Ligand code: HAM
C-alpha cells in the first residue's frame, strides 16, 4: 500500500497551494522570452533513444547512467527526455523550420527526467525553461541569449547569481586539446574511475565533469581548454565579452566550465548560485554549431540555454523574492433551503460566466457552516439567499473584510457585484497609499 501512496523517489508534487508560484514563474519566463523574440515550441516527452545518444553523446553521464530508457510494446527503444535541446532540434528539422526566416527563436517549459541521486536541487523529474536559437554565428547572438537569461533573473527579482563564461573551441582546436587531455590523464590512469578509464580514448573531455570523487582530484590539474582554442574561436569569445561589457552584464571567465553534454562548441556559460547548496547551477547553456548537421540537417549554427525551475524557486526563496498574492474568491453565495440553494447556484454560475471567481455550496451544509467556509477561504464578499431574499428580489452583500454591508438587487446582480469589487479594490489602493505615506513621514 505504501508504494501507491508515495511518489517515486526524486519526484515532487506541485500542490494547489504552490501552483500559483509556478504559474507566475512560467508566465514570466514565457513573456520575457517573447520580448526577445522567442516563441514556444512543444515536443514529446519521449523520443527515440538514439536521438539522445547521438546528440547529448554516448560517453556522457546523462546517456551512460541517467536516462529513463525502455522498450515500448513495439520493441522500440524510447527514452524520457533528459533535456530539451535534442527534441527541439529534431522537431525543427522534421518540420522544415530552418527553411523560414532566420534566426529561428524557440522556447519551452518542460519536465525532464534523469536517474540521478536525489538531493536538494537535484531531482529525477525536474522542470526546465529553455531557449534554442538557430541561424546566427555571430557573438551578438550569444550575447542576446545571455541577456535574456539575465533579464529573466532581474524580472523575477533574483539576486546573487554569478555568470561564468568559457569557450571550448570548435572541432578543429578541440582535437589538439583532446590530445593534451589524453596525455595528461594517461599519466593518472590508475586514479580514474572505471567509467572515465573507458572515456579516455573516445572522449577525454567528459572526464572533466565526472561526478565521482576519485576523478575530481585529478581533474584539478588538467590542461585548460582556453589555452588551446584557435584564432577564430578566440575572436568569437572576445566578441562576446565586448558585447556583455556593452550591455552591462557582469561575468567572469571560468576556464574550467566544459558542460556535461557533448554537443557544445565555442561559447559555454552558467549562472551559478552560492545560496542553494551543492547543486548551485541554476542555468546552463552555450553554442552547438555542429548539432543540426549531426542530426541530418544542413550545417546551421545554433545556441541556447536551460534553467531548472526547482533551482530557480530555491534561489527565489533564498533571495526573499516576492510572489503575487493568490486570487481569492470574489463572492460566496450561501443558499438557505431548497429554493435559496437553487437560486444561489444559478447566480453563482451567472457570475462565473461573467468572469468572477464565485462559489456556492455543494456539500449540503447549513447556512452558518457555509459562511464559515466563505470566511476561511478568504471570500471578499458573501450573501445569503433564502426565502425572504427571493421574495424581495434583493439580498444583503456582506464585506467579509469588515467593510459595510450593502443591499443588492438580484436583477443585474453581476453588474452590481462588479461595481462593489471595483470600489473595494479602489479603497484598498487608497488605504495602501495612505499607509505608505504614513510610513514615510
Ligand atoms: P544542463 O546543464 O544539463 O543543460 O541542464 C540545465 C539546467 O537544468 C541546470 O542548470 C539545472 O538548473 C537543471 N537541472 C539539470 N539536471 C537537474 C536535476 N537532476 N534536477 C534539477 N534540476 C536539474 C541542458 O539541459 C541543456 N539542454 C541546456 C541547453 C539548451 N544548452 C543549449 N540549449
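The backbone N, Cα and C atoms fix where each Cβ goes, and this holds for glycine too.
The structure displayed is predicted, hence computed values, not measured ones.
Among 76, 114, 122, only 114 appears in TrEMBL as part of the L-histidine site alongside 83, 84, 85, 128, 132, 259, 263, 264. Among the binding-site residues 83, 85, 128, 264, residues whose Cβ is positioned under 6 Å from ligand 1 are identified as 83, 85, 128. The Cβ of residue 259 (L-histidine binding site) lies under 8 Å from the Cβ of 168, 209, 268, 270, 284, 286, each on the same chain and at least six residues away in sequence. Within the same chain, residues at least six positions away from residue 83 (L-histidine binding site) with a Cβ under 8 Å of its Cβ are 56, 62, 112, 128, 130, 261, 306. Residues near residue 85 (L-histidine binding site) in space but far in sequence (CB under 8 A, at least 6 apart, same chain), listed by position: 55, 130, 132, 261, 263, 288, 291, 304, 306.
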